[in-house]
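Engineer: The structure under discussion is supplied below as structure tokens; questions concerning it will follow.
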Amino acid sequence: MTDAAVSFAKDFLAGGVAAAISKTAVAPIERVKLLLQVQHASKQITADKQYKGIIDCVVRIPKEQGVLSFWRGNLANVIRYFPTQALNFAFKDKYKQIFLGGVDKRTQFWLYFAGNLASGGAAGATSLCFVYPLDFARTRLAADVGKAGAEREFRGLGDCLVKIYKSDGIKGLYQGFNVSVQGIIIYRAAYFGIYDTAKGMLPDPKNTHIVISWMIAQTVTAVAGLTSYPFDTVRRRMMMQSGRKGTDIMYTGTLDCWRKIARDEGGKAFFKGAWSNVLRGMGGAFVLVLYDEIKKYT
């Protein structure tokens, strides 16, 4: 293998391992966030059964579905997240070579910053094309509030993918893809762009104390998450449309979804579960720091 291939493989492995560990740790928070986002568009959750907030959700889930249901959809998430995050990190460095080749970060700061934004956004969008059906399945599995057996909408990852494919074809597995690309570019641009720029401004980036790295990463993930959150809410709502027919369809398209959420639920609805997303972001910050630490030893 060439040095470039070895470097790419190390990026892929380091990013994937770090992501799988952190995602499993924050899976319960992830499920709470998803339920708060999509409950209004769920056929299983009637108006009188909707969760009132994070605490209500955390209390009711183990009572109604069992403690292990906090990790519902986590297997799909780990399977999805390993290639997603690994590809993001690997492609990010490849895109950095394209956008930042010959750019001096000290004398061309804004060009350097723009290059980091572009490389981060392009990496996220590229990865999404490959793993979107898994992201879709993870959302639908996490949104399934049936207790067991016949009450469940899907029996697992394979059952979810097969049922939606039979019902709606490949298009059903990519429901909400366009708004996802918009959101992922905004999120990844901030996630990678600001983080790399901030670290690049430090005197000795490679030997930065882990606490400083974590603080930078925590700020970046919180800002990036809140900025792109409305896009995430809309894409999750669109994912809930797959498998529906006739009058069961709530939104005719992405623009209709934006309009109806704003009209019927108000602007706050775009940020349902946002606080749990900030908590979940601690896992994202941990990924960035862990990735840098793993790379030091590879």
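Even glycines carry a Cβ here, placed using N, Cα and C.
Pulled these from Swiss-Prot:
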type	residues	note
MOD_RES	S7	phosphoserine
MOD_RES	K43	N6-succinyllysine
MOD_RES	K52	N6,N6,N6-trimethyllysine
MOD_RES	K92	N6-malonyllysine
MOD_RES	K105	N6-acetyllysine
MOD_RES	K105	N6-succinyllysine
MOD_RES	K147	N6-malonyllysine
MOD_RES	K147	N6-methyllysine
MOD_RES	K147	N6-succinyllysine
MOD_RES	K163	N6-acetyllysine
MOD_RES	K166	N6-acetyllysine
MOD_RES	K268	N6-succinyllysine
REGION	235-240	region 'Important for transport activity'
REPEAT	6-98	repeat 'Solcar 1'
REPEAT	111-201	repeat 'Solcar 2'
REPEAT	212-297	repeat 'Solcar 3'
MOTIF	235-240	motif 'Nucleotide carrier signature motif'
TOPO_DOM	38-74	topological domain 'Mitochondrial matrix'
TOPO_DOM	131-178	topological domain 'Mitochondrial matrix'
TOPO_DOM	232-273	topological domain 'Mitochondrial matrix'
TRANSMEM	8-37	transmembrane segment
TRANSMEM	75-99	transmembrane segment
TRANSMEM	110-130	transmembrane segment
TRANSMEM	179-199	transmembrane segment
TRANSMEM	211-231	transmembrane segment
TRANSMEM	274-291	transmembrane segment
Engineer: Around the Cβ of K268 (N6-succinyllysine), how many other Cβ atoms lie within 10 Å? Please give the count over every shown protein chain.
Structural biologist: 9
Engineer: Give the nonlocal contacts of the topological domain 'Mitochondrial matrix' (38-74) in its own chain as ranges (CB under 8 Å, at least six residues past its ends).
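Structural biologist: Residues packing against the topological domain 'Mitochondrial matrix' (38-74) from afar: 23-24, 27-28, 30-32, 137-147, 153, 236-237, 239-241, 244, 248, 250-251, 265, 269, 273, 275-276.
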Engineer: In three-state terms from DSSP, label K147 (N6-malonyllysine) for me.
Structural biologist: coil
Engineer: Once the chains shown are all counted, how many other Cβ atoms turn up within 10 Å of the Cβ of K147 (N6-malonyllysine)?
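Structural biologist: K147 (N6-malonyllysine) is surrounded by 11 other Cβ atoms within 10 Å.
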Engineer: May I ask which of the modified residues S7, K43, K147, K163, K268 is closest to K52 (N6,N6,N6-trimethyllysine) if we compare their C-alpha atoms?
Structural biologist: K268
Engineer: Using C-alpha atoms, which one of the modified residues K147, K166, K268 comes nearest to the residue listed as 'phosphoserine'?
Structural biologist: K166
Engineer: Using DSSP, would you call K105 (N6-acetyllysine) helix, strand or coil?
Structural biologist: coil
Engineer: Taking the Cβ of K163 (N6-acetyllysine) as reference, which residues of that chain separated by at least 6 in sequence fall under 8 Å from it?
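Structural biologist: Correct list: F154, G243.
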Engineer: So what's the average pLDDT for the repeat 'Solcar 2' (111-201)?
Structural biologist: 85
Engineer: Going by Cα-Cα distance, pick out whichever of the modified residues K43, K147, K166, K268 is nearest to K105 (N6-acetyllysine).
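Structural biologist: Considering only the listed modified residues, the nearest one is K268.
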Engineer: Which one is it, among the modified residues K43, K92, K147, K268, that lies nearest to K166 (N6-acetyllysine) by Cα separation?
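Structural biologist: Of the modified residues K43, K92, K147, K268, K43 has its Cα closest to that of K166 (N6-acetyllysine).
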Engineer: Test of understanding: give the count of other CB atoms lying within 10 angstroms of the CB of K166 (N6-acetyllysine).
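Structural biologist: Excluding its own Cβ, K166 (N6-acetyllysine) sees 10 Cβ atoms within 10 Å.
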Engineer: Measure from the CA atom of K147 (N6-malonyllysine) to the CA atom of K43 (N6-succinyllysine) and give the result in Å, rounded to a whole number.
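Structural biologist: Just about 15 Å between their Cα atoms.
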